[in-house]
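Reading through the structure tokens given below for one structure.
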Number of protein chains: 2
Amino acid sequence: MLYLVGLGLGDAKDITVKGLEIVKRSSRVYLETYTSMLTVGKDKLEEFYGREVIVADRDLVEMEAEEILKEADSTDVVLLVVGDPFGATTHSDLVLRAVNAGIPYRVVHNASIMNAVGCCGLQLYSFGEAVSIVFWTDDWRPQSFYDKIKKNHSMGLHNIKVKEQSIENLMRGNKVYEAPRFMSVSQAAQQLLEIIQKRREEGEEPELSEDTVCVGLARVGAEDQVIRTATLRQLGSCDLGPPLHSLIVTGQLQPLEVDMLRLNAAPEALTHLEA
Amino acid sequence: MLYLVGLGLGDAKDITVKGLEIVKRSSRVYLETYTSMLTVGKDKLEEFYGREVIVADRDLVEMEAEEILKEADSTDVVLLVVGDPFGATTHSDLVLRAVNAGIPYRVVHNASIMNAVGCCGLQLYSFGEAVSIVFWTDDWRPQSFYDKIKKNHSMGLHNIKVKEQSIENLMRGNKVYEAPRFMSVSQAAQQLLEIIQKRREEGEEPELSEDTVCVGLARVGAEDQVIRTATLRQLGSCDLGPPLHSLIVTGQLQPLEVDMLRLNAAPEALTHLEA
């Protein structure tokens, strides 16, 4: 059996009891390390599990999936994934290989940023399509993510930017990977502010402005998580500390959502917080 | 401290190790019972935790929150919530009461249907706003949920219907609650099929049809979970067993998504599964 076990978002103890039992009894345990990161490393996991954990980098999961699946028809093999196992499609690929090889699989779910983001008090039901913000370079500054955010916002939906990693690297499809880079809330906000300014100069009535209420989140689910409700301008110069970060652009707010956002709001943002 | 601890979606062992430790050491443990349901009841949880669990019905959480929060400034109190604690806004209300009373709170996240639904192989990033389908009565047959689904679909986004419970009851805001009712995939599909038929008769070019590829899910995360990819017509007459059910109306499909959907596809749906 191939088990895909979610680790959740914080530390070693965010694995489920079911997941931990599977880890303890399986023949081999792999830790997928390239689509996201936990606040603790392999060593802490090994200590907590009392057993060896094999780091599975991108090559191993994608190119040498056979190694992971070896003997998984007769023994139990685990792939540990930060968050929930189906946050990234790469694991669909491994599942398909397993099924094609006649190996059964099972998923042990856990929290991921896609649902844990509800901790800021915004209704999960009112989020539109998730939007990825790519890292700009000097000569590559696409704006398509802004148009997606605009579309969600014009429908009153909240936006979430969840992809902290550099997309162009993930998509490149060759074996030269850069070290993972994680976009901070302030970087994301700065790129949005620049687009808003540019669009205004081009005569477009901007759907968003420097005063749009946003929520910056860092290390959701960890002991030192940060939730900061502020204007987009304020978030452009904030420092929320180490990764992972997420940025929410709020849409139409309900009264209870406003009350929750006030719990973590910067003073300037309070004046903009009206349902 | 007030702890909001997510139970995940399956059975008692889907709690996280961190959550279980908190349950074991807290003074009082409440189980919220009205926004969702686990496949196991209070007795199984008490047996697994080795301690008493107090059932918190809607009155207790909403009207008598003081009882839950009693002495929570000096001792630890837990509210267990199926899925993730921030799936339903009712818990925002409890958090606000705690904060106003000077009681700190902490959240232990877990999987909820909002992220676990990725197990069918559709990318979570490609889901639009979640849509609730209400139970029709003889003289109350609103169609607004169909228009939301249409809007998501026209943008190529997947739809998820996640609200299994009767919305009109949840919203009624008085103390006469009906027993929870859970909408099945076939009921949801039948209501959609009826609206499609009606819109066609009214001359509207339907965004969806009887042949739209959908995914019916039942008891996601449990041992006996069911994932069935089929046309909307097929799902209108399916029986996926006991609750909870969710229905996905697929949007624009990527090749890897198609491959994953094929794993659980009904024969007729296969012919419609093209990326």
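Each Cβ is built from the backbone N, Cα and C atoms, and glycine gets one as well.
Among B:VAL55, B:VAL61, B:VAL215, B:VAL220, only B:VAL220 appears in TrEMBL as part of the S-adenosyl-L-methionine site alongside B:LEU9, B:ASP84, B:GLY87, B:SER112, B:ILE113, B:HIS245.
Contacting chain A by the Cβ rule (under 8 Å between Cβ atoms), the binding-site residues B:LEU9, B:SER112, B:HIS245 reduce to B:LEU9, B:SER112. Note on the domain 'Tetrapyrrole methylase' (B:1-173): mean pLDDT across this stretch is 87. Packing around B:HIS245 (S-adenosyl-L-methionine binding site) is summarised by its Cβ count: 25 other Cβ atoms lie within 10 angstroms of its Cβ, all protein chains included. Neighbour count (other Cβ atoms within 10 Å of the Cβ, all protein chains): 23 for B:VAL220 (S-adenosyl-L-methionine binding site).
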